[in-house]
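Colleague: One structure follows; several queries about it will come next.
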């Protein structure tokens, strides 16, 4: 029994989160965000195609949603953590240094949804349908993106003696490296790995939404509401473990209150809104047309029929019944002579005898 704690004495953190490729710094935080976006686009594309959308139409949505989401996430972080930017030792210029960390998921989802809405309106793609397809993709992106916090040695929880505690270093955000003393990185302590908790929770949310959506076939944005509810539940208890600076209100961190409000809104939406899954079709030019709800069952039945294996055109010779060959039709009978032809021939013969 003592072997497990010995093997999991702690989870190490990186001592470096930036690698210089010549004049270009490669930051692990940004790389995790990019990988999360790529994974989300792939998942959302497959789910959109299953509902009739053109291949990779999600990229047209991402062109709007991703920039909006990043700006919104940064704004939320700056507004809810004002001391680092507007405080006595703060600098407003730090607000533009996204690579140093600091993105708020609430602002990212809200602003990203606005960007996605604009894109969907431009393409005649149902926004609720796009949201439902993203309900599985977004938590996967969040799960990957949280590892950027690990590389930055940030957003950890309380000190702990648990065998999976996270070793955290004293970090220089500007250089993206751990501070050193005597050639060794300075250790702050062993803390709760809240980044890992949230990453695993988000993966669980993605699987749960996928399974529930397959069973109940949510429409009208209800799958997205399920994602929001499940995520906020996890975020509430994970937020309670964190010890980084945050605004408090009535004894709770601001993000806890945000979780409560957002959960309530998603629950009300889920209970009040009803409707089938939206479907679309597109022509050879990629123009999207919405399928009316009444036509959806017929369209799905046609697609299922196409998916069935085609039957053989002819049965096997061994199974084919014996069929007697039909006799060839007899030669056509001679055409009957015209009426009066025999009398005319007799008259001609009589004239010849007289002559």
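The backbone N, Cα and C atoms fix where each Cβ goes, and this holds for glycine too.
Feature list, courtesy of TrEMBL:
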TRANSMEM  26-44  transmembrane segment
TRANSMEM  56-78  transmembrane segment
TRANSMEM  98-120  transmembrane segment
TRANSMEM  127-145  transmembrane segment
TRANSMEM  195-212  transmembrane segment
TRANSMEM  224-242  transmembrane segment
TRANSMEM  254-271  transmembrane segment
REGION    303-355  region 'Disordered'
COMPBIAS  308-334  compositional bias 'Low complexity'
COMPBIAS  335-347  compositional bias 'Acidic residues'
Colleague: Would you kindly list the residues that approach the transmembrane segment (195-212) from elsewhere in its chain, counting only those six or more residues past its ends and only Cβ-Cβ distances under 8 Å?
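Modeller: Here the qualifying positions are 11, 135-137, 139-140, 142-144, 146-147, 149-150, 155-157, 164, 166, 218, 223, 226-227, 230-231, 234-235, 238, 241.
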Colleague: Cβ under 8 Å, sequence separation of at least 6 from the ends of the transmembrane segment (254-271): give me the contacting residues as numbers and ranges.
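Modeller: Distant contacts of the transmembrane segment (254-271): 80, 106, 221-222, 225-226, 228-229, 232-233, 235-236, 239-240, 246-248.
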Colleague: Which of 56-78, 98-120, 127-145 has the most Cβ pairs closer than 8 Å to the transmembrane segment (26-44)?
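Modeller: Answer, by Cβ pair count: 127-145.
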